[in-house]
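Please read the structure below before turning to the comments.
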Amino acid sequence: MTGLTVLIPIALGMGGMGLLAFFWTMKSGQYDDMDGAANRILIDEEEDR
Amino acid sequence: MTEHSRIELADADHLSDHRFTVPGMRCAGCISKIERELPKFAGIEAARVNFSAKRVAVRHDPALGEDAILRAFEKLGFEAQPAADNPLGQDDAESKKLVRAVAVAGFGMMNIMLLSVSVWSGATGVTREMFHWLSALIALPVIAYSGRPFFASALMALRYGRTNMDVPISIGVLLATALSIFETATGGEHAYFDGAVMLLFFLLTGRALDAAMRNKARSGISALLSHLGRGASVVNPDGTTRWIRAEDLEPDMVMVVAAGEALAADGRIISGTTTIDNSMLTGESRPQPAGPGMIVYAGASNLSDPITVELTATRDDMAIAEIARLMDEAGQSRSRYVRIADRAARLYAPAVHSLALLAFAGWMIAGAGWYQSLTIAIAVLIITCPCALGLAVPAAQVVASNALLKCGLLVKDGSALERLAQADIVLFDKTGTLTLGQPRPINLDELGADDRGIALALAQASRHPLSKGLAAALQSEGAAPAHLDQIAETAGIGVSGEWRGLPVALRRAPSGSDNPASELLVGERRVRLEFADQLRPDVTETLAKLEELGLSGQIVSGDREEVAASLGRDLGVPAIGAMLPGAKLERLEALKTQGHFPLMVGDGLNDGPALAAAHVSIAPGSASDVSQQAADAVFVGESLLPVAKAIRTARQTMRIVRQNFAFAIGYNVLAVPLALAGLVTPLVAAIAMSGSSIIVVANSLRLARSAR
């Protein structure tokens with residue numbers, strides 16, 4: 001039982017962190033342009049940056 | 001991400017933002033070209049591409065006008081149009097809210113399940129009580145947050161004395177939660193927190209899918225909408241021109257309309273002779289010559305030469321205004337359509353509620369205590385709660401509309417798919433719908449292989465409508481552009497260049513026939529190219545396929561009677577010509593009163609009212625903005641085949657939806673007796689719900705290949 005009092009908050013905290021991370025990705029617009037993100041990987045960023 | 005933050009860091013006070021739609025972006029190269037090259041133009045600070053929406057946000061010096069930025073795009077080789085001011089309206093916010101609710105419900109569901117597993121596997125006493133309390137602690141805020149979309153909509157329906165799918169859902173969730181709290185507080189055996197949250201999760205997934213589908217179609221359509229003709233270049237007293245939005249135009253202003261541009265307002269030509277294409281407005285396919293003194297109407301497009309026009313009417317008394325009024329009236333009938341999910345809910349909700357009530361009364365009479373009777377009644381509510389029903393419709397429709405999207409048809413929402421499946425008669429507009437609505441060369445076979453290459457190279461250098469038609473026709477026949485030097489375009493005359501030392505040109509032809517024409521010069525040789533509006537490539541095949549599906553076709557055209565009739569004879573379908581927008585509307589009403597469900601396919605402004613009034617409607621991507629907005633679906637490209645595919649896929653979708661419904665009901669038939677007998681534990685409810693939801697989704701995925 002004492003183990004549970006430690007483990008359950010940890011489990012909830014980790015789940016909550018995942019949830020917050022998801023909210024953050026939504027808020028910072030990472031799902032706004034999915035096709036663009038897939039294409040941008042092909043852009044060569046070397047020149048003039 | 002780097003580009004993004006750079007835009008945000010830039011000195012925002014001195015710069016203004018504008019959004020442009022650039023439909024021509026196709027690859028990573030286009031993204032980098034725009035983002036790197038555009039800021040090199042004077043006055044442009046930064047550009048950020050949204051590839052999915054085919055949109056570019058440009059941050060620039062406010063002194064720089066919209067048309068200067070459009071020219072910059074043009075120099076990079078992209079056709080751009082200013083996007084509407086508020087491109088991502090409320091719908092986007094709504095779908096984001098739904099995704100957040102799904103995430104929260106998912107989080108709650110997983111954690112509560114974790115706790116429930118130990119309860120199911122036999123935890124007793126203090127452990128069970130503690131786990132129930134913990135579940136309550138997680139479930140209450142989750143239900144309060146994720147349940148809002150349902151509670152709000154159920155409340156709205158009840159306020160107007162109606163019922164929809166959300167009413168039984170809300171009642172089920174709320175009662176289950178209340179009972180679970182009571183059970184937890186009194187140290188009872190069963191708590192249904194897991195069931196309630198899981199129900200919310202699956203239903204929200206359905207809603208989020210539905211919203212995603214609508215957004216995708218809408219952003220696709222807004223990328224297609226042309227914004228030409230939404231404004232005009234007005235001549236200032238000092239001879240310079242400035243761009244004015246259509247709504248700010250006033251009578252007596254003088255506007256310059258370049259070749260290929262649409263007119264933004266009614267007016268009288270004061271200089272220049274040209275040919276005017278009225279097909280959007282009237283359906284008339286033959287371009288009409290126009291010269292000084294003639295009245296031209298908004299929505300028509302200028303085909304051959306620049307003209308200056310003095311405006312005679314304001315926005316409210318233009319020729320288009322009458323069409324807009326008809327459309328407002330016509331659009332009302334469609335809002336009466338009730339979606340299949342809500343029709344099901346109308347039968348389902350009362351049945352479920354009376355069943356639960358009966359269970360309660362039955363057990364009371366049988367001598368069980370009120371507590372046990374209530375528990376059983378709530379178990380009935382939970383087990384019948386339409387998890388699978390809530391997913392049955394959106395899951396199938398999302399998969400189907402994605403499949404259609406891949407073959408070039410954007411369906412605006414699920415109700416459009418349902419109505420498409422019902423269609424039993426098709427009305428086609430002629431010009432721009434069965435035909436391409438663009439002048440195409442009719443005597444291409446007079447050109448040799450070299451001529452074709454030269455003509456293509458010249459035509460590609462020009463934005464004149466005839467050149468565009470020529471280039472499209474040559475490309476579709478597989479011609480490759482020849483290498484030319486010194487290409488130059490002279491407005492109103494043509495394009496010239498040099499090919500292996502020979503002077504070559506594509507220019508205006510001396511008038512000679514009804515058709516617009518241009519002339520190809522290679523050295524001393526001249527070839528006259530005549531243009532006419534031609535049929536889309538797959539018209540016959542499409543009509544045959546529709547016939548196979550049991551839909552008979554008809555042509556309703558605003559074009560001259562004999563033109564419509566001869567096309568009708570060629571295609572073997574009845575055709576009526578010379579129809580005004582009002583007449584098309586009457587024809588649709590007549591069909592509807594006969595009990596038909598007409599599908600209208602049309603593109604022009606004159607089809608707008610008919611598109612809005614028909615049971616369901618489809619417009620080509622080249623249609624006027626008004627028509628694309630009025631239509632339920634838009635297809636892109638030259639082929640008409642997506643129309644037939646749309647009907648077939650819509651019918652398949654409805655078949656899958658019905659299977660899903662049948663499955664959901666079948667599952668209820670099995671589960672309800674268990675619930676009535678008082679045998680449903682939270683474990684049974686959880687297995688039943690997730691099992692039925694997964695089967696419904698899997699069944700819907702079969703539609704992914706349907707549009708091929």
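The backbone N, Cα and C atoms fix where each Cβ goes, glycine too.
It should be emphasised that the depicted structure is a prediction, and the values quoted were computed from it without experimental measurement.
According to DSSP, the domain 'HMA' (B:16-81) comprises 23 helix, 20 strand, 23 coil. Residues or ranges marked as domain 'HMA' by TrEMBL: B:16-81.
Feature annotation from TrEMBL assigns transmembrane segment to B:98-121 (among others). Long-range contacts of the transmembrane segment (B:98-121) within the same chain: residues 127-128, 131-132, 134-135, 138-139, 142-143, 145-146, 148-149, 191, 193-194, 197-198, 200-201, 204-205, 207-208, 211, 681-683, 686, each at least 6 residues beyond the stretch ends and with a Cβ under 8 Å from a Cβ of the stretch.
Summarising the annotation, TrEMBL assigns transmembrane segment to B:133-155 (among others).
Within the chain, the transmembrane segment (B:167-185) has long-range Cβ neighbours (under 8 A, six or more residues past its boundaries) at 129, 132-133, 135-136, 139-140, 143, 147, 150-151, 154-155, 157-158, 191-193, 195-196, 199-200, 203, 345, 348-349, 352-353, 374-375, 378, 381-382, 384-386, 390. Marked as transmembrane segment by TrEMBL: B:167-185 (among others).
Annotated transmembrane segment per TrEMBL: B:191-209 (among others), in sequence order. The list of residues near the transmembrane segment (B:191-209) in space but at least 6 beyond its ends in sequence, with Cβ under 8 angstroms from a Cβ of it, reads 95, 98-99, 101-102, 105-106, 108-109, 112-113, 116, 119, 132, 135-136, 138-139, 142-143, 146-147, 149-150, 169, 172-173, 176-177, 179-180, 183-184, 378-379, 382, 385, 387, 390-391, 393-395, 398, 682, 685-686, 689-690, 693.
What TrEMBL lists as transmembrane segment is B:347-370 (among others).
Residues 165, 168-169, 171-173, 175-176, 179, 192, 195-196, 198-199, 202-203, 205-207, 209-210, 213, 339-341, 344-345, 348, 352, 355-357, 359-360, 363, 368, 414, 653, 656-657, 660-661, 663-664, 667-668, 671-672, 674-676, 678, 680, 684-685, 688-689, 692-693, 695-697, 699-700, 703 of the same chain sit 6 or more residues outside the transmembrane segment (B:376-396) yet have a Cβ under 8 Å from a Cβ within it. Here TrEMBL flags B:376-396 (among others) as transmembrane segment.
Taken from TrEMBL, the feature transmembrane segment applies to B:661-680 (among others).
According to TrEMBL, the transmembrane segment annotation covers B:686-704 (among others). Tertiary proximity for the transmembrane segment (B:686-704) is limited to same-chain residues at least six positions away from its ends with a CB under 8 Å from its CB atoms, namely 113, 116, 194-195, 198-199, 202, 383, 385, 387-388, 391-392, 395-396, 398-400, 402-403, 649, 652-653, 656, 659-660, 663-664, 667, 671.
Averaged across the domain 'HMA' (B:16-81), pLDDT in this predicted model comes to 82.
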